Amino acid sequence: MPFRDRVARRFGETHTPSTKILKNDRIRTRRGGRRRPATTGRSTSPISRRSSSRSSSASSRFSARDSFHSRVTRASSRLTDENGKQLSPTAPYLSYHDVCLTYEDIKALRNDWLTDNNIAFWEEWLEREILPKYPQARICLLRPSMTYLLMRVDNDPQGIRSALPDMTKVTHIFLPINDAVSRTQPDGSHWSLLLVSKLDGVAFHYDSLGGANNGEGQRAADRLGRLMGMPLRYQSIQDCPQQANGNDCGVFVCILMRHLLVKKLLNANAREKVSMSMSNKMIDALGARKEMIKIIESLRKEGERRRSASPYNAKLEGAPPRID
């Protein structure tokens, strides 16, 4: 199911979503008093000419690519289980707290563009496995569906405040950005990452395709700033690692998100200025895909173990392995 259709199905096309509608996409923000480090986007070294030309050529190569939805539609017709049985692409594969991954999502994670569900799972996993180790952190990970909702607001973003998590006490906000922002565009084709530092009033944009999503990043920063009642200075990070094909933008978003969260924010010295540059940062997209699949398979096995040990096992037949 294309990104826009997923969100339309969840929120509805013509109604402003309520907090109740967003129950399954709620964000748990950790609160605490420890001062978070201030951040700066100054690069420790400028992006190389080789990287710049590679970004430019990448944009040219991928500008005419077909949409994510069309590729997944072709791939989903070949989905089978371990016994060779034909599967529906929307069949549930793993229920992990507030996210339910489907076979379509797993197929995309192996070798295609990541779905919004893939990224929502990764954010959920970071919130469950990483953030609890830092109980005083006040960092918010907005889900793709929430970012999409923010981007769809035409004028006053205050109308969707009740549908978003309370961000009054957070220090940093992560937003996955997708170019599926038009009411007439059925789905998007590129992911990028926006990291907002409320401490500095800066929105850092990380784009692995030579700034292809700069317009969307600026729009998201403007609307989030209006929603929070504070101006945000937009800064495109010029030395963001660049993808080498047309499939890995979502993978780059996930790995950059974890790197920025853990290395730049959670483990940083609060007394020192933190550079938000990505100079010399390399991303192994294939290795990242394998790591994410390994995490999912491990959780699925644990869910199967819990299900087999449950006295209600018979009633759970046909349900996906679940981790609550």
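Every residue gets a Cβ built from N, Cα and C, even glycine.
Small disclaimer: the values here were computed from a predicted structure and weren't measured.
As annotated by TrEMBL, compositional bias 'Basic and acidic residues' applies to 1-13.
Sequence annotations record features per position, and here TrEMBL assigns region 'Disordered' to 1-87 (among others).
Per TrEMBL, the feature compositional bias 'Basic residues' maps to 28-37.
The compositional bias 'Low complexity' feature in TrEMBL is assigned to 38-62.
According to TrEMBL, the domain 'Ubiquitin-like protease family profile' annotation covers 77-260.
According to TrEMBL, the region 'Disordered' annotation covers 300-324 (among others). The DSSP breakdown of the region 'Disordered' (300-324), given as helix, strand and coil counts, is 14 helix, 2 strand, 9 coil.
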**Item:** Across the domain 'Ubiquitin-like protease family profile' (77-260), average pLDDT on the 0 to 100 scale
**Value:** 92
